[in-house]
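Over in Swiss-Prot, the protein carries these features:
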type	residues	note
TRANSMEM	34-54	transmembrane segment
TRANSMEM	78-99	transmembrane segment
BINDING	HIS84, HIS183	heme b b562 binding site
BINDING	HIS98, HIS197	heme b b566 binding site
TRANSMEM	114-134	transmembrane segment
TRANSMEM	179-199	transmembrane segment
BINDING	HIS202	ubiquinone binding site
TRANSMEM	227-247	transmembrane segment
TRANSMEM	289-309	transmembrane segment
TRANSMEM	321-341	transmembrane segment
TRANSMEM	348-368	transmembrane segment
Amino acid sequence: MTKIFRKSDPFIKIVNSALVDLPSPSNISYMWNFGSILGLCLFLQIATGLILTMHFSPSIHMAFSSVVHIVRDVNHGWFIRNFHITGASLFFSCMFIHIGRGIYYGSYKNIKTWYSGVILFICAMVTAFFGYVLPWGQMSFWAATVITNLLSAVPMMGTRMVETVWGGFSVGDPTLKRFLVLHFLVPFLMIAVSLTHLLFLHETGSSNPMGMNPNLDKVPFHPYFSFKDILGFLITLSLIFLGSTLFPYLTTDPDNFTQANSLVTPPHIKPEWYFLFAYAILRAIPNKLMGVFALIMSLSVLLFMPFLIKSNLRSLTFQPFMQFTFWLMISNFILLSWLGAMPLEFPYTIMSQVTSFLYFFIFLFLFPLVSYKENKYLNSRYPPF
C-alpha cells in the first residue's frame, strides 16, 4: 500500500504534523488565532524591514535624509515604511492579547511554552526599541539617550557599559550602526525561538476555553482551524493596509519628524505606545537603580506566574473572583500606558506611583491570594474524591 506523501517525506512530515494532522481541542475559539497571526506579523516585519534596510544609511548625517529618500523617491517606499510602522503596532497589539489569553486560560501552566513565549516578548520589545532609534529623529535620539543611560545605574560597571553601548561618550554614529545590526539580527533569533515555542506547545498540546483535559475530544487542525486562521490573516492584513494608507502616523510622535539635535531637548520624552506601561513604572520611582529594577521586573513578573498561581482549575471561566482580578490587571495596564504618555507632573506622578504599585501587587500578591481562597472554597464545597 502506497503511503501518503505528506506522511512519508521526512521534511514534509514535520510540517504535516504541525499544520495539517495536528490534534487540536475541538472547542478552541478565535482567541487561539493570535499565535498564527503573530507568526504572520513577524514574517511581514522581516520582509518589509529587509526592503527598508536596502535604502537606509546608518550614519547620523544620512539616516534622517535616507528615511526622507525612502518616503519620497523609492517606488512605493512610503507604503513599505508605513506598512512596517503599522505592522509593528499591530504586532504588539496581538502579542498583548495573546499574553492576556494565556493568563486567562492558564497557558502559563505549560512552563516551557510560557517561558519561550516570554523570551519572545522581551526580544520583540528590544527589537522595537532599536528600530525606534534608526530614523534619527528628535524623539529617536533622546529616547536612545535616556534609555541606554539607564545602564549607568548598574553598580561598579554601569558607566563602562553605557560607553560600550554608545561606542563613545555620547549617542552617536557607532550607536546607530550597532542598533541597525541588532535590529536586523534579533528578528531572525525570534524565528528560532518561535520554532522552539511551537515545539514545546505541540509537546504538551493546546489549552482550551473550558480548562478541561484537551485529550478528551480532538480534531485535525486542517481544515477545521486552518480556515479560521486564514480569516484571522485576512482581517490582520486588512487592518495593516487600512492603517498604512489612512492613518499611517497615528502612533508616531510629531517630534520625530524633526532631525535629531543634541542641543534641543523635547519638552516630553516618550517611547512608542507599546513601551508606555513599562516607561510609566520606570518614571514612578525616584531612585534610578530601583526604577531600572522595576522596569526589568515589569516584564520578568510573567516568569513567576507558573509558581504564584496555584488554581485547581486551569481556566478562569469558572473562577469569578479570579476573573475580576484579571480585568483589574487589564484596566491597570491600560491606565499605566496612558500615564506613560503624560508629562511628569502632578497629578500624573502620584497616579503613576499608585498604578505601578497595583501592577506588582496584582501579579505578586492578589493573583496568588485569590487563587488560594477560591481553591479553599471549592475544596470545602466540592471535596475531591
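Quick reminder: no glycine exception, Cβ is built from N, Cα and C everywhere.
A map of Swiss-Prot features onto the structure.
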residue	record	DSSP class
HIS84	heme b b562 binding site	helix
HIS98	heme b b566 binding site	helix
HIS183	heme b b562 binding site	helix
HIS197	heme b b566 binding site	helix
HIS202	ubiquinone binding site	helix
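Least crowded of the binding-site residues (HIS84, HIS98, HIS183, HIS197, HIS202), judged by neighbouring Cβ atoms within 10 Å of its own Cβ: HIS202.
Counted over residue pairs separated by six or more positions, the transmembrane segment (179-199) shares fewer than 3 Cβ pairs under 8 angstroms with the transmembrane segment (78-99), which leaves the two as not touching.
Per-stretch counts of Cβ pairs under 8 Å to the transmembrane segment (348-368) identify 321-341 as the leading one among 34-54, 78-99, 227-247, 289-309, 321-341. If you count C-beta pairs under 8 angstroms between the transmembrane segment (78-99) and each of 34-54, 114-134, 289-309, 321-341, the highest count goes to 34-54. For the transmembrane segment (114-134), the partner stretch with the highest count of Cβ pairs under 8 angstroms, out of 34-54, 227-247, 289-309, is 289-309. Comparing the Cα of HIS98 (heme b b566 binding site) with the Cα of every entry in HIS84, HIS183, HIS202, these being the binding-site residues, the smallest distance points to HIS202.
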